[in-house]
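According to TrEMBL, the feature active site, charge relay system maps to 120, 195. Marked as active site, acyl-ester intermediate by TrEMBL: 219. The domain 'Amidase' feature in TrEMBL is assigned to 67-517.
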């Protein structure tokens, strides 16, 4: 707990030296110290589904209705095994037909026309269930769209349905959903990560083209790593939180999943911008991210020459699986080959982020979830007196994990403990921000693994919350600092039918998503010998 922590020393930047990872880029690392090299035959770079959809619709190669039917068919075939969706919209085909009619009339199309999008179930969608995977909101259908969803619809996007999640975003495996457990498309016995596991697994299984998630402490980036897709967490304030059910208001952001960096970046561009309904949204200009997604054929031999990359030393030390460490080192070597100057940096306050995060997040959640009392919000259980009504409505409506975090947060905010826990956690947060600023003043981006391990077995950590919380150590500091980060697959380790994906996390300065997308896109397009398509799709049309 925070009360046992000693004040961290001042930031130490290690001597600027080249990062000496492996000199040859291998396709994967095993979970043993020895590295397993897969066939390094060239694999075509991944292509943007958003751009391909637009080209296909405008050329007449396909129709929006055909694309919708194809994805709905894939959902029917894979959903019994995966359980990614809590609700599939009955209006998908209707929306696709409307786009086809607009094309026939020669009308201009929005940039997301015909793009099929999954939405995490804690993001409000008009007329669709929006339950945050909780019994207490089981029958809730909001009369409005979240700002992010509204923008997607205005640009022609089609909401496929609502994806499964850990209840109110509290969890790292999607096992804390009140309704079902989502499986990982790479290995059905493993978790997809959380809390946005349904959104990540749906993109990995190609049930939708892109999806929205929310990220409070890594809930977009960790499942992206586990499922072998791209997960993008924007700077705090870049995207409006209006319509996102609050967990920890100072940490929550809406993020994006895609099978490519370009898809995640274009979805982020669509939902970004100031919103008068969210006082924390920023008026910062939103760059045209699409200009960063150059064709691999147009790249120079050293397309990232001079870009300074700092490997966070604390993220590749003891406690990280050897396969994950090797994949990260290989990714650093690949960035060097692209022209980057790669060095190690140390963030002395790094280890303090995890306990500080759980104090702050639990404290804020205890306040935010107080509204679900059966009177103002949430299903009501009838009782003879008011306190009993509150007790029964919450007791039956909330799951175990949510109750535990509310109790933790209420304790941290209580008289006599506020200074020892919540106030001190906020002081640690300030140190973390200073450490990141110092490191990013000397580097363009920082890199680390997205998680200490690849996806673990369903049930493996469910009864050990401390072990589950420790899995967030790579990601929570970014939320505490309010910075943008992107996770993209960089390798495979042993496990499952054909290996398990490992994600590389790239962290940038505030509102510098453009640079992250540029570096991530070039990294992704030049990574040879790997294809991050889960084996589940081999037998699915």
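Keep in mind that glycine also has a Cβ here, set from the backbone N, Cα and C atoms.
A quick note: this is a predicted structure, and the numbers were derived from the prediction, not measured.
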Return the residues near residue 195 (active site, charge relay system), defined as same-chain residues 6+ apart in sequence whose C-beta is under 8 angstroms from its C-beta, sorted by sequence, else 'none'.
165, 166, 169, 170, 171, 172, 174, 176, 213, 214, 216, 219, 223
Mean per-residue pLDDT computed across the domain 'Amidase' (67-517):
96
Restricting to the chain of residue 120 (active site, charge relay system) and a gap of 6 or more, list residues whose Cβ falls under 8 Å of its Cβ, or answer none.
162, 163, 165, 196, 198, 199, 211, 212, 213, 214
Counting every protein chain present, what is the number of Cβ atoms, excluding its own, within 10 Å of the Cβ of residue 219 (active site, acyl-ester intermediate)?
36
